[in-house]
Amino acid sequence: MRSLKLYLPMQLSMVKYKSHSTKIRGLIIDYLLSIFVSASSFVLYWMVDRCIRVKESAMKKFYDKLMQTRHYLHQHPELSGQEFETTAFLKAYLEDLEIRILESDLKTGLVAEVGSGKPVIALRADIDALPILERTGLPYASQNSGVMHACGHDFHQTSLLGAAELLKSMEGDLRGTVRLIFQPAEETSQGASQVLATGLLDDVSAIIGFHNMPQLKAGQLALKAGAMMAGVEKFKVEVEGVSSHAARPDLGVDTVLTLTSMIQNLQALVARIVSPFEAAVLSVTHIEAGATWNVLPQSGFFEGTIRSFNPTLQQRLKEDFIRIVENTAENFGAQVRISWDHTPPVTYNDPELAELLYEHSRNLAEVLAASPSSAGEDFAFYQEKLPGVFAFIGSNGAENAPDLHHDSMVIDDEAFKVSVPYYVESALFLLQHYRQKA
(Lines of atoms letter the chains of each structure in order from A and count residues from 1; the text may use other names and numbers.)
(Lines give C-alpha, C1' and ligand atoms only; values in the text may rest on other atoms or scores of the structure.)
Protein backbone atom coordinates (compact mmCIF):
# COMPACT_ATOMS: atom_id res chain seq x y z
CA MET A 1 0.00 0.00 0.00
CA ARG A 2 2.78 2.29 0.99
CA SER A 3 4.50 1.65 -2.30
CA LEU A 4 1.20 2.24 -4.08
CA LYS A 5 0.71 5.49 -2.20
CA LEU A 6 4.18 6.54 -3.22
CA TYR A 7 3.57 5.42 -6.85
CA LEU A 8 0.24 7.20 -7.38
CA PRO A 9 1.55 10.71 -6.62
CA MET A 10 4.45 10.00 -8.89
CA GLN A 11 2.06 8.91 -11.66
CA LEU A 12 -0.11 11.95 -11.09
CA SER A 13 2.92 14.22 -11.22
CA MET A 14 4.03 12.47 -14.41
CA VAL A 15 0.58 13.04 -15.93
CA LYS A 16 0.80 16.70 -14.96
CA TYR A 17 4.32 16.85 -16.39
CA LYS A 18 3.25 15.14 -19.63
CA SER A 19 0.29 17.49 -19.94
CA HIS A 20 2.52 20.50 -19.32
CA SER A 21 5.09 19.08 -21.72
CA THR A 22 2.44 18.70 -24.42
CA LYS A 23 1.47 22.34 -24.02
CA ILE A 24 5.10 23.41 -24.20
CA ARG A 25 5.64 21.22 -27.25
CA GLY A 26 2.57 22.79 -28.85
CA LEU A 27 3.85 26.26 -28.08
CA ILE A 28 7.24 25.35 -29.53
CA ILE A 29 5.58 23.94 -32.67
CA ASP A 30 3.43 27.07 -32.98
CA TYR A 31 6.51 29.22 -32.52
CA LEU A 32 8.46 27.24 -35.12
CA LEU A 33 5.50 27.43 -37.50
CA SER A 34 5.31 31.17 -36.97
CA ILE A 35 9.03 31.43 -37.74
CA PHE A 36 8.50 29.28 -40.84
CA VAL A 37 5.55 31.39 -41.97
CA SER A 38 7.50 34.56 -41.31
CA ALA A 39 10.45 33.12 -43.15
CA SER A 40 8.18 32.03 -45.99
CA SER A 41 6.64 35.48 -46.13
CA PHE A 42 10.07 37.02 -46.14
CA VAL A 43 11.21 34.65 -48.90
CA LEU A 44 8.02 35.37 -50.86
CA TYR A 45 8.48 39.12 -50.37
CA TRP A 46 12.12 38.81 -51.36
CA MET A 47 11.19 36.82 -54.47
CA VAL A 48 8.47 39.30 -55.50
CA ASP A 49 10.73 42.25 -54.77
CA ARG A 50 13.53 40.65 -56.76
CA CYS A 51 11.17 39.95 -59.68
CA ILE A 52 10.06 43.57 -59.62
CA ARG A 53 13.66 44.76 -59.47
CA VAL A 54 14.67 42.41 -62.29
CA LYS A 55 11.72 43.61 -64.37
CA GLU A 56 12.51 47.26 -63.63
CA SER A 57 16.15 46.67 -64.49
CA ALA A 58 15.19 44.96 -67.76
CA MET A 59 12.78 47.76 -68.68
CA LYS A 60 15.42 50.38 -67.85
CA LYS A 61 17.90 48.63 -70.15
CA PHE A 62 15.20 48.40 -72.83
CA TYR A 63 14.35 52.10 -72.68
CA ASP A 64 18.03 53.08 -72.41
CA LYS A 65 18.63 51.13 -75.62
CA LEU A 66 15.78 52.99 -77.33
CA MET A 67 17.12 56.32 -76.12
CA GLN A 68 20.57 55.56 -77.54
CA THR A 69 18.99 54.39 -80.79
CA ARG A 70 16.98 57.61 -81.14
CA HIS A 71 20.01 59.75 -80.39
CA TYR A 72 21.94 57.96 -83.13
CA LEU A 73 19.12 58.47 -85.63
CA HIS A 74 18.83 62.11 -84.54
CA GLN A 75 22.51 62.59 -85.34
CA HIS A 76 22.07 61.12 -88.82
CA PRO A 77 18.91 62.64 -90.36
CA GLU A 78 18.09 62.27 -94.05
CA LEU A 79 15.69 64.18 -96.28
CA SER A 80 12.54 62.76 -97.87
CA GLY A 81 13.35 60.13 -100.49
CA GLN A 82 17.01 60.09 -99.44
CA GLU A 83 16.70 57.91 -96.31
CA PHE A 84 19.19 55.30 -97.56
CA GLU A 85 21.41 55.05 -94.46
CA THR A 86 18.36 55.22 -92.20
CA THR A 87 16.79 52.31 -94.10
CA ALA A 88 20.02 50.29 -93.86
CA PHE A 89 20.14 50.92 -90.10
CA LEU A 90 16.50 49.86 -89.64
CA LYS A 91 17.02 46.72 -91.71
CA ALA A 92 20.07 45.66 -89.68
CA TYR A 93 18.26 46.37 -86.40
CA LEU A 94 15.24 44.25 -87.39
CA GLU A 95 17.37 41.44 -88.81
CA ASP A 96 19.24 41.30 -85.49
CA LEU A 97 15.85 40.68 -83.84
CA GLU A 98 15.10 37.99 -86.48
CA ILE A 99 12.08 39.94 -87.72
CA ARG A 100 10.94 39.24 -91.28
CA ILE A 101 11.47 42.05 -93.79
CA LEU A 102 9.10 41.90 -96.75
CA GLU A 103 10.19 42.33 -100.36
CA SER A 104 9.01 45.56 -102.00
CA ASP A 105 9.86 48.13 -104.66
CA LEU A 106 10.48 50.84 -102.07
CA LYS A 107 13.75 52.68 -102.70
CA THR A 108 13.83 53.89 -99.09
CA GLY A 109 11.84 52.78 -96.08
CA LEU A 110 10.73 49.21 -95.51
CA VAL A 111 7.89 46.95 -94.41
CA ALA A 112 8.39 44.09 -91.93
CA GLU A 113 6.08 41.81 -89.97
CA VAL A 114 5.73 39.75 -86.81
CA GLY A 115 3.35 36.82 -86.38
CA SER A 116 1.34 34.99 -89.04
CA GLY A 117 -2.15 34.57 -90.41
CA LYS A 118 -5.24 36.75 -90.14
CA PRO A 119 -6.15 39.31 -88.98
CA VAL A 120 -3.40 41.74 -89.99
CA ILE A 121 -2.87 45.03 -88.14
CA ALA A 122 -0.40 47.64 -89.41
CA LEU A 123 1.71 50.00 -87.30
CA ARG A 124 3.24 52.95 -89.14
CA ALA A 125 6.12 55.33 -88.37
CA ASP A 126 7.67 57.94 -90.66
CA ILE A 127 11.47 58.18 -90.99
CA ASP A 128 12.41 61.34 -92.93
CA ALA A 129 13.85 64.64 -91.69
CA LEU A 130 13.62 68.32 -92.65
CA PRO A 131 15.95 70.83 -94.38
CA ILE A 132 16.55 72.80 -91.17
CA LEU A 133 19.82 73.82 -89.51
CA GLU A 134 19.60 72.47 -85.94
CA ARG A 135 20.16 74.90 -83.06
CA THR A 136 19.26 72.74 -80.04
CA GLY A 137 22.82 72.54 -78.68
CA LEU A 138 22.20 68.88 -77.78
CA PRO A 139 25.23 66.58 -77.44
CA TYR A 140 23.56 64.34 -80.04
CA ALA A 141 22.62 67.18 -82.43
CA SER A 142 22.53 66.54 -86.18
CA GLN A 143 25.86 65.79 -87.81
CA ASN A 144 24.30 66.37 -91.24
CA SER A 145 24.48 70.15 -91.54
CA GLY A 146 21.25 71.74 -92.69
CA VAL A 147 19.17 68.62 -92.04
CA MET A 148 17.33 67.97 -88.76
CA HIS A 149 14.75 65.65 -87.23
CA ALA A 150 12.74 68.73 -86.31
CA CYS A 151 9.44 66.86 -86.61
CA GLY A 152 10.44 64.01 -84.31
CA HIS A 153 10.47 61.21 -86.87
CA ASP A 154 13.57 59.84 -85.11
CA PHE A 155 11.29 59.31 -82.10
CA HIS A 156 8.51 57.76 -84.20
CA GLN A 157 10.70 55.15 -85.89
CA THR A 158 12.53 54.27 -82.67
CA SER A 159 9.18 53.75 -80.94
CA LEU A 160 8.21 51.30 -83.68
CA LEU A 161 11.54 49.49 -83.31
CA GLY A 162 10.81 49.11 -79.60
CA ALA A 163 7.30 47.82 -80.32
CA ALA A 164 8.73 45.39 -82.87
CA GLU A 165 11.11 43.95 -80.28
CA LEU A 166 8.34 43.44 -77.71
CA LEU A 167 5.96 41.94 -80.27
CA LYS A 168 8.69 39.57 -81.45
CA SER A 169 9.14 38.34 -77.87
CA MET A 170 5.46 37.26 -77.80
CA GLU A 171 5.21 36.17 -81.44
CA GLY A 172 4.01 32.67 -80.59
CA ASP A 173 0.94 34.05 -78.83
CA LEU A 174 -0.09 36.76 -81.32
CA ARG A 175 -2.76 34.81 -83.26
CA GLY A 176 -2.45 37.16 -86.20
CA THR A 177 0.07 39.39 -87.93
CA VAL A 178 1.43 42.82 -87.06
CA ARG A 179 2.86 44.60 -90.08
CA LEU A 180 5.51 47.24 -89.37
CA ILE A 181 5.68 50.17 -91.79
CA PHE A 182 8.78 52.37 -91.69
CA GLN A 183 7.55 54.97 -94.16
CA PRO A 184 9.74 57.36 -96.15
CA ALA A 185 8.89 60.83 -97.47
CA GLU A 186 6.10 61.94 -95.15
CA GLU A 187 7.23 65.56 -95.31
CA THR A 188 6.68 65.63 -99.08
CA SER A 189 3.38 63.71 -98.77
CA GLN A 190 4.68 61.00 -101.13
CA GLY A 191 5.63 58.14 -98.82
CA ALA A 192 2.20 56.76 -97.91
CA SER A 193 1.24 56.48 -101.58
CA GLN A 194 4.51 54.67 -102.28
CA VAL A 195 3.82 52.15 -99.51
CA LEU A 196 0.23 51.62 -100.69
CA ALA A 197 1.51 50.98 -104.22
CA THR A 198 3.51 47.95 -102.97
CA GLY A 199 0.28 46.07 -102.22
CA LEU A 200 1.60 45.14 -98.78
CA LEU A 201 -1.42 46.71 -97.09
CA ASP A 202 -4.06 44.99 -99.23
CA ASP A 203 -4.83 42.41 -96.51
CA VAL A 204 -4.59 44.80 -93.55
CA SER A 205 -7.71 45.20 -91.36
CA ALA A 206 -6.67 48.46 -89.65
CA ILE A 207 -3.69 50.77 -89.31
CA ILE A 208 -2.32 52.67 -86.29
CA GLY A 209 -0.08 55.73 -86.22
CA PHE A 210 0.79 58.70 -84.04
CA HIS A 211 2.65 61.98 -84.01
CA ASN A 212 4.57 63.47 -81.11
CA MET A 213 3.23 66.77 -79.74
CA PRO A 214 5.64 69.12 -77.91
CA GLN A 215 2.69 70.98 -76.36
CA LEU A 216 1.70 67.82 -74.45
CA LYS A 217 3.67 66.40 -71.53
CA ALA A 218 5.45 63.07 -71.74
CA GLY A 219 2.92 60.63 -70.28
CA GLN A 220 -0.06 62.17 -72.07
CA LEU A 221 -1.90 60.85 -75.12
CA ALA A 222 -4.59 62.71 -77.10
CA LEU A 223 -7.15 61.00 -79.29
CA LYS A 224 -10.60 61.52 -80.76
CA ALA A 225 -12.97 60.12 -83.35
CA GLY A 226 -13.24 61.96 -86.66
CA ALA A 227 -10.95 64.71 -87.96
CA MET A 228 -7.52 64.82 -86.28
CA MET A 229 -5.52 66.79 -88.85
CA ALA A 230 -6.50 69.09 -91.68
CA GLY A 231 -6.91 68.35 -95.34
CA VAL A 232 -4.30 70.32 -97.27
CA GLU A 233 -4.41 71.98 -100.69
CA LYS A 234 -1.24 73.58 -102.04
CA PHE A 235 -1.81 76.17 -104.76
CA LYS A 236 0.29 78.25 -107.14
CA VAL A 237 -1.15 81.18 -109.11
CA GLU A 238 0.89 82.48 -112.07
CA VAL A 239 -0.11 85.80 -113.65
CA GLU A 240 0.95 87.08 -117.07
CA GLY A 241 0.52 90.81 -117.67
CA VAL A 242 2.12 93.31 -120.05
CA SER A 243 5.42 94.88 -119.02
CA SER A 244 5.87 98.65 -119.14
CA HIS A 245 7.95 101.47 -117.72
CA ALA A 246 6.96 102.36 -114.18
CA ALA A 247 6.27 105.91 -115.42
CA ARG A 248 3.70 104.65 -117.97
CA PRO A 249 1.52 101.97 -116.31
CA ASP A 250 -1.22 102.88 -118.79
CA LEU A 251 0.79 101.15 -121.51
CA GLY A 252 0.90 97.80 -119.70
CA VAL A 253 -1.13 95.35 -117.63
CA ASP A 254 0.04 95.63 -114.03
CA THR A 255 1.02 92.16 -112.83
CA VAL A 256 1.85 93.33 -109.29
CA LEU A 257 -1.52 95.03 -108.85
CA THR A 258 -3.29 91.95 -110.23
CA LEU A 259 -1.44 89.63 -107.84
CA THR A 260 -2.05 91.77 -104.76
CA SER A 261 -5.73 92.26 -105.65
CA MET A 262 -6.16 88.50 -105.95
CA ILE A 263 -4.59 87.98 -102.53
CA GLN A 264 -6.79 90.69 -101.02
CA ASN A 265 -9.97 89.24 -102.56
CA LEU A 266 -9.13 85.70 -101.43
CA GLN A 267 -9.28 86.74 -97.77
CA ALA A 268 -13.07 86.83 -98.13
CA LEU A 269 -13.09 83.06 -98.63
CA VAL A 270 -12.63 82.19 -94.97
CA ALA A 271 -14.21 85.37 -93.60
CA ARG A 272 -17.47 85.13 -95.55
CA ILE A 273 -17.87 81.60 -96.91
CA VAL A 274 -16.82 79.41 -93.96
CA SER A 275 -19.39 78.90 -91.20
CA PRO A 276 -18.34 80.31 -87.79
CA PHE A 277 -18.89 76.77 -86.46
CA GLU A 278 -16.22 75.31 -88.75
CA ALA A 279 -12.49 75.91 -89.11
CA ALA A 280 -10.49 76.69 -92.22
CA VAL A 281 -7.41 78.67 -93.15
CA LEU A 282 -6.07 80.20 -96.37
CA SER A 283 -2.48 81.43 -96.28
CA VAL A 284 -0.43 83.02 -99.06
CA THR A 285 3.16 82.28 -98.13
CA HIS A 286 5.28 83.23 -101.15
CA ILE A 287 5.01 85.98 -103.77
CA GLU A 288 7.43 86.98 -106.54
CA ALA A 289 7.31 89.56 -109.31
CA GLY A 290 9.80 91.84 -111.01
CA ALA A 291 13.53 92.37 -110.80
CA THR A 292 14.02 96.12 -110.62
CA TRP A 293 12.44 99.31 -109.27
CA ASN A 294 11.40 101.13 -112.42
CA VAL A 295 9.78 98.42 -114.56
CA LEU A 296 6.33 96.90 -114.20
CA PRO A 297 7.02 93.16 -114.52
CA GLN A 298 5.67 90.95 -117.26
CA SER A 299 4.85 88.08 -114.91
CA GLY A 300 4.70 86.99 -111.31
CA PHE A 301 3.22 84.38 -109.03
CA PHE A 302 2.09 83.62 -105.51
CA GLU A 303 1.60 80.32 -103.71
CA GLY A 304 0.23 79.03 -100.44
CA THR A 305 -2.20 76.61 -98.84
CA ILE A 306 -5.86 76.00 -98.00
CA ARG A 307 -6.69 73.79 -95.01
CA SER A 308 -9.86 72.58 -93.34
CA PHE A 309 -11.28 69.58 -91.48
CA ASN A 310 -14.26 69.01 -93.78
CA PRO A 311 -13.75 67.41 -97.22
CA THR A 312 -16.94 69.02 -98.59
CA LEU A 313 -15.88 72.46 -97.37
CA GLN A 314 -12.40 71.89 -98.78
CA GLN A 315 -13.85 71.28 -102.24
CA ARG A 316 -16.04 74.38 -102.07
CA LEU A 317 -13.09 76.53 -100.99
CA LYS A 318 -11.11 75.24 -103.96
CA GLU A 319 -13.93 76.02 -106.42
CA ASP A 320 -14.50 79.53 -105.03
CA PHE A 321 -10.74 80.15 -105.00
CA ILE A 322 -10.61 79.46 -108.74
CA ARG A 323 -13.61 81.71 -109.42
CA ILE A 324 -12.15 84.67 -107.47
CA VAL A 325 -8.71 84.38 -109.07
CA GLU A 326 -10.02 84.05 -112.62
CA ASN A 327 -12.50 86.94 -112.22
CA THR A 328 -9.80 89.21 -110.77
CA ALA A 329 -7.45 88.41 -113.65
CA GLU A 330 -10.20 89.19 -116.14
CA ASN A 331 -10.92 92.53 -114.45
CA PHE A 332 -7.30 93.62 -114.96
CA GLY A 333 -6.91 92.09 -118.41
CA ALA A 334 -4.26 89.61 -117.27
CA GLN A 335 -3.80 85.94 -118.05
CA VAL A 336 -3.74 83.44 -115.17
CA ARG A 337 -2.81 79.82 -114.59
CA ILE A 338 -3.66 77.94 -111.38
CA SER A 339 -1.95 74.70 -110.37
CA TRP A 340 -2.68 72.41 -107.44
CA ASP A 341 -0.47 69.82 -105.74
CA HIS A 342 -1.93 66.52 -104.57
CA THR A 343 -1.50 66.82 -100.81
CA PRO A 344 -3.07 64.91 -97.89
CA PRO A 345 -6.82 64.86 -97.33
CA VAL A 346 -8.29 65.12 -93.83
CA THR A 347 -6.72 62.71 -91.32
CA TYR A 348 -9.98 61.13 -90.20
CA ASN A 349 -10.06 58.57 -87.38
CA ASP A 350 -12.46 55.67 -87.76
CA PRO A 351 -15.17 56.46 -85.16
CA GLU A 352 -15.60 52.91 -83.81
CA LEU A 353 -11.90 52.11 -83.51
CA ALA A 354 -11.05 55.54 -82.11
CA GLU A 355 -13.61 55.17 -79.31
CA LEU A 356 -12.36 51.67 -78.48
CA LEU A 357 -8.70 52.72 -78.39
CA TYR A 358 -9.51 55.88 -76.43
CA GLU A 359 -10.90 53.75 -73.61
CA HIS A 360 -8.25 51.03 -73.90
CA SER A 361 -5.41 53.57 -73.78
CA ARG A 362 -6.48 54.80 -70.34
CA ASN A 363 -4.41 51.91 -68.96
CA LEU A 364 -1.28 53.33 -70.60
CA ALA A 365 -1.35 57.09 -70.18
CA GLU A 366 -3.28 60.18 -69.22
CA VAL A 367 -5.70 60.24 -72.15
CA LEU A 368 -7.04 63.57 -73.37
CA ALA A 369 -9.66 64.50 -75.95
CA ALA A 370 -7.55 65.71 -78.87
CA SER A 371 -7.82 69.17 -80.38
CA PRO A 372 -7.46 68.80 -84.16
CA SER A 373 -4.29 70.16 -85.76
CA SER A 374 -4.34 72.34 -88.88
CA ALA A 375 -1.14 70.65 -90.04
CA GLY A 376 -1.37 67.95 -92.70
CA GLU A 377 -0.36 64.29 -92.43
CA ASP A 378 -0.07 61.74 -95.24
CA PHE A 379 -1.30 59.02 -92.87
CA ALA A 380 -4.64 60.21 -94.28
CA PHE A 381 -3.90 58.36 -97.54
CA TYR A 382 -3.94 55.06 -95.63
CA GLN A 383 -7.24 56.04 -94.02
CA GLU A 384 -8.78 56.51 -97.48
CA LYS A 385 -8.17 52.79 -98.07
CA LEU A 386 -8.74 51.17 -94.66
CA PRO A 387 -9.85 51.97 -91.10
CA GLY A 388 -7.17 53.86 -89.20
CA VAL A 389 -6.52 55.67 -85.93
CA PHE A 390 -3.98 58.45 -85.49
CA ALA A 391 -3.07 59.80 -82.03
CA PHE A 392 -0.97 62.59 -80.54
CA ILE A 393 1.62 61.59 -77.91
CA GLY A 394 3.13 64.14 -75.52
CA SER A 395 6.84 64.72 -76.08
CA ASN A 396 7.77 67.79 -74.03
CA GLY A 397 5.12 69.89 -72.30
CA ALA A 398 7.47 72.61 -71.07
CA GLU A 399 6.16 76.16 -71.12
CA ASN A 400 6.98 77.77 -74.48
CA ALA A 401 8.42 74.49 -75.77
CA PRO A 402 9.54 74.92 -79.42
CA ASP A 403 6.97 73.50 -81.81
CA LEU A 404 7.38 70.97 -84.61
CA HIS A 405 9.58 72.15 -87.52
CA HIS A 406 11.45 74.52 -85.19
CA ASP A 407 15.27 74.50 -85.17
CA SER A 408 15.27 74.08 -81.36
CA MET A 409 12.56 71.41 -81.03
CA VAL A 410 13.54 68.84 -78.35
CA ILE A 411 11.87 65.55 -77.39
CA ASP A 412 11.74 64.16 -73.85
CA ASP A 413 12.83 60.50 -74.00
CA GLU A 414 10.35 59.70 -71.21
CA ALA A 415 7.74 59.79 -73.99
CA PHE A 416 8.87 56.29 -75.03
CA LYS A 417 7.00 54.95 -71.98
CA VAL A 418 3.74 55.85 -73.74
CA SER A 419 4.61 55.54 -77.44
CA VAL A 420 5.94 51.98 -77.33
CA PRO A 421 3.10 50.55 -75.17
CA TYR A 422 0.58 52.43 -77.35
CA TYR A 423 1.84 50.64 -80.46
CA VAL A 424 1.97 47.23 -78.77
CA GLU A 425 -1.32 47.43 -76.87
CA SER A 426 -3.19 48.85 -79.86
CA ALA A 427 -1.95 46.00 -82.05
CA LEU A 428 -2.87 43.32 -79.51
CA PHE A 429 -6.26 44.88 -78.82
CA LEU A 430 -7.16 45.18 -82.50
CA LEU A 431 -5.99 41.64 -83.29
CA GLN A 432 -8.44 40.41 -80.66
CA HIS A 433 -11.14 42.81 -81.89
CA TYR A 434 -10.97 41.56 -85.48
CA ARG A 435 -10.73 37.90 -84.44
CA GLN A 436 -13.99 38.33 -82.55
CA LYS A 437 -15.63 40.00 -85.56
CA ALA A 438 -14.53 37.24 -87.95
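The backbone N, Cα and C atoms fix where each Cβ goes, glycine too.
When Glu187, Glu233, Glu238, Glu384 are compared with the Mn(2+) site residues Cys151, His153, His211, His405 in TrEMBL, the one appearing in that site is Glu187. Annotation for Glu187 (Mn(2+) binding site): same-chain Cβ neighbours under 8 Å, separated by at least 6 residues, are Leu79, Ser80, Asp126, Asp128, Ala129, Leu130, Cys151.
Cβ packing within 10 Å was compared across the binding-site residues His153, His211, His405, and the lowest neighbour count falls to His405. Neighbour count (other Cβ atoms within 10 Å of the Cβ, all protein chains): 24 for Cys151 (Mn(2+) binding site). DSSP gives His211 (Mn(2+) binding site) a strand state.
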